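Features reported for this protein in TrEMBL:
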{"type": "ACT_SITE", "residues": "B:Lys96", "note": "active site, proton donor"}
{"type": "DOMAIN", "residues": "B:16-254", "note": "domain 'Orotidine 5'-phosphate decarboxylase'"}
There are 2 protein chains.
Amino acid sequence: MTTQQLTDQIKKKKSFLCIGLDVDLNKIPKHLLDTEDPIFEFNKAIIDATHHLCVAYKPNTAFYEAYGIKGWKALEKTIQYLNQNHPDIFTIADAKRGDIGNTSTMYAKAFFEDLAFDSVTIAPYMGKDSVEPFLAFKNKHTILLALTSNTGAFDFQTKSIDGKELYKQVLETSKTYQNSENLMYVVGATKAEYFSDIRKIIPNSFLLVPGVGAQGGNLQDVCKYGMSDNVGLLINSSRGIIYASNKEDFAQAAANNAKALQQQMEEILNM
Amino acid sequence: MTTQQLTDQIKKKKSFLCIGLDVDLNKIPKHLLDTEDPIFEFNKAIIDATHHLCVAYKPNTAFYEAYGIKGWKALEKTIQYLNQNHPDIFTIADAKRGDIGNTSTMYAKAFFEDLAFDSVTIAPYMGKDSVEPFLAFKNKHTILLALTSNTGAFDFQTKSIDGKELYKQVLETSKTYQNSENLMYVVGATKAEYFSDIRKIIPNSFLLVPGVGAQGGNLQDVCKYGMSDNVGLLINSSRGIIYASNKEDFAQAAANNAKALQQQMEEILNM
């Protein structure tokens, strides 16, 4: 998918919502546990109920790997279901990978070719040759961790490196990578005041923003400081939407919460 | 496995060799491609031929994920084969994971419980709450990326952060994490001169050292500057051993190359 297609989708749906499919078998409705593939059945119901309200889905691979082969099968079925039924929706493998060159190429093949995701999240610690193999894939997107939404972000990301915070160094250095136009960035919503500085370095790149809702981030603040001319934001909500109810009405409850966020986004886009 | 058990194994085998099981179907002997599970058959033959010469095996998960479900099955069979036949050998899931707290817990379950590895490699970028969920597992080890062996290591890891290189900050900060006694570190062999400084910060921790051989690192230099009182080194070789031959003699050729490294290690240990 191209960035333009993503932007078109945002304008059409009046939404820049990304729904995180982080499926924990301890949290999903009990009646699904009797089905052959509870994880996929849960995702399918959520997707069926919310696809008109969001522009992206983001399964976090950890939640699938934790269930071994069964989990990988559910991930495979979920991405296939999305690509077959909603090819216009942007898909993100939230995998936070990154390794030396030939190994990053293997990860890129896994997520871009074998699973056919539109994008994958990558940790920047190993630098240029760990990121560029992902950037080499045309119309695929590499979402680099810049400033994450957790407390551990203050351990290293916000520390000053040669006079500039590490996450800013990551933003600036990554702009010099080959095919850097395929880069997007993770920036946590819990730190809305950082967005102005970030936009000075990367005025137009898409930002994947976790941390609205459960982690305390504020949508209006993020948009005020982080929105670019082409919107340039994907606001993720996982638990706040998919676990809105753990009863039989879970999909409708998820849709209601997604709708509430979409309406706030529509208001912001109309301003 | 405890660190003491690993050290005992090193002394018994006079080896601190780790063999990287990075299986690429384009590089393994062609006659294996006709078997039901070529990746596992390759690993099994390599393990059968080399287990007396090494103390650890390290499958890099990228090489398995690239083959989807089939790859994960091969990874599962490989770790099961190791745990059943060689429970004394230290196993490393080279996965370079790391995410926010509840997600890191899912990864830890995937690698420590579901797959039953002794250890997993972790990227430090997201800080404390992304690492501690792994450290909470008793007699399991978290191998944090400090200074990697690739050129991209110079993008951020060696940059000065508040007057000290980022990788040294990672070493120092990680010592304050809960259950930090379960930490080991990745330090590339290509930078032997850094080991003295590293040992000042973490005198006794085990270091997993890639980059000897194919990437140009020198075993003697690494040992001179990096060895601790309890050895404290796991020297990894992947391609240099497992792809020693791509013919029917591949396992014997791998054993020969492993033996050559083991003998160098024995000499160093006897000095």
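Heads up, the Cβ atoms here are built off N, Cα and C, so glycines get one too.
Nobody curates TrEMBL annotations by hand; they come from automatic prediction.
Across the domain 'Orotidine 5'-phosphate decarboxylase' (B:16-254), mean pLDDT in this model comes to 95. According to DSSP, B:Lys96 (active site, proton donor) is assigned to a strand segment. Counting only residues at least six positions away in the same chain, the Cβ atoms of B:Thr121, B:Ile122, B:Ala123, B:Leu145 sit under 8 Å from the Cβ of the residue listed as 'active site, proton donor'.
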